[in-house]
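Reviewing the structure listed below.
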Amino acid sequence: FTVLFVYFKSLSTAQTTDCLHLKEQCINAANGCESVWNVVEDVCNISVLGNRCKAEDAIGCNRIIQVLANEYPEFKNCVCTTDNLCSIMTLLGKQCNIDKDNISTETKLQWHLSALSNQAYTANRTCLDVNKECVEDEVCNKQLSLYLKVCSVNKKCNMEECQAAIRFFYGNMPFEVAQMMTFCECIQPDESCQRAEELLHGKPCAVTAVPPPSCLNVIHMCEENEVCRKKYTTFRSKCWRHVTKKCYDNEACLETLIKDDMPCSANTDCKAAYISNWGTMLRVECTCQNLPPAEQSLCELFHHMLHSKSCFS
């Protein structure tokens, strides 16, 4: 693809044809690309007038297109972020220059103007309070709305599309804000808080599978997906470095460990890696019930790594 992109760079029609081919490949692929593409179409709400591409929210559209290009690099020469029209216009026949830094600068500027982003992270925040603050903040609410549009409980849930929307949601907010949302808490039986937590954490659509998979299967499914595998590798290296050094990918070695042997680093890099797991298989609720005794200890170890917040208490 790289050779083709260089060759067609100055040929608008040929480039468009090639990008349309990539789109078809994406839709037919079994690697999660179709789910991200469906989110692109949902968020961008594309309408074409002449050869102008219009989206209800051009900034949000550009952001999700950038997610597509970041997760599936073959699209990098098919998108542009140089103006306020949605960057998918290249796929519709209009060529434009690529400015990879423009969108991140624009996102940072918007968040700089957001009151929410100026708050320092404090532990033990309730999910209801955090949800209210996001809704009352114009920048945060706009991104929350885009995410809820895809993960809405009012329509049939598509887990992969909802997960792609969550990756987009958490990937486009400042670290302090992402921490507040990720580590918010609820005290039983506060139903309002629990509903807010479900909303912020993509429940049930992005995290609840029926029947729930074993935690061993979750790890194996993640390793088969390029996006998830990269995030899992980073998560292990930042949070469980001694496990990475001691056992690497050796499950037999991991089985010899117990939870007490696994102190988590819990530093800023670890928290960022943990937050980055949102929107991947790693956040799907998993179980260790009904497994053969030989697999039980390893499964419980993975459950502890993926779902225990004791690391950050």
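Including glycine, each Cβ sits where the backbone N, Cα and C put it.
Copied over from TrEMBL:
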- 127-205: domain 'GDNF/GAS1' (DOMAIN)
- 215-311: domain 'GDNF/GAS1' (DOMAIN)
Mean predicted confidence [pLDDT] for the domain 'GDNF/GAS1' (215-311): 83
Residue distribution over DSSP helix, strand and coil in the domain 'GDNF/GAS1' (127-205): 55 helix, 1 strand, 23 coil
DSSP helix/strand/coil residue counts for the domain 'GDNF/GAS1' (215-311): 67 helix, 1 strand, 29 coil
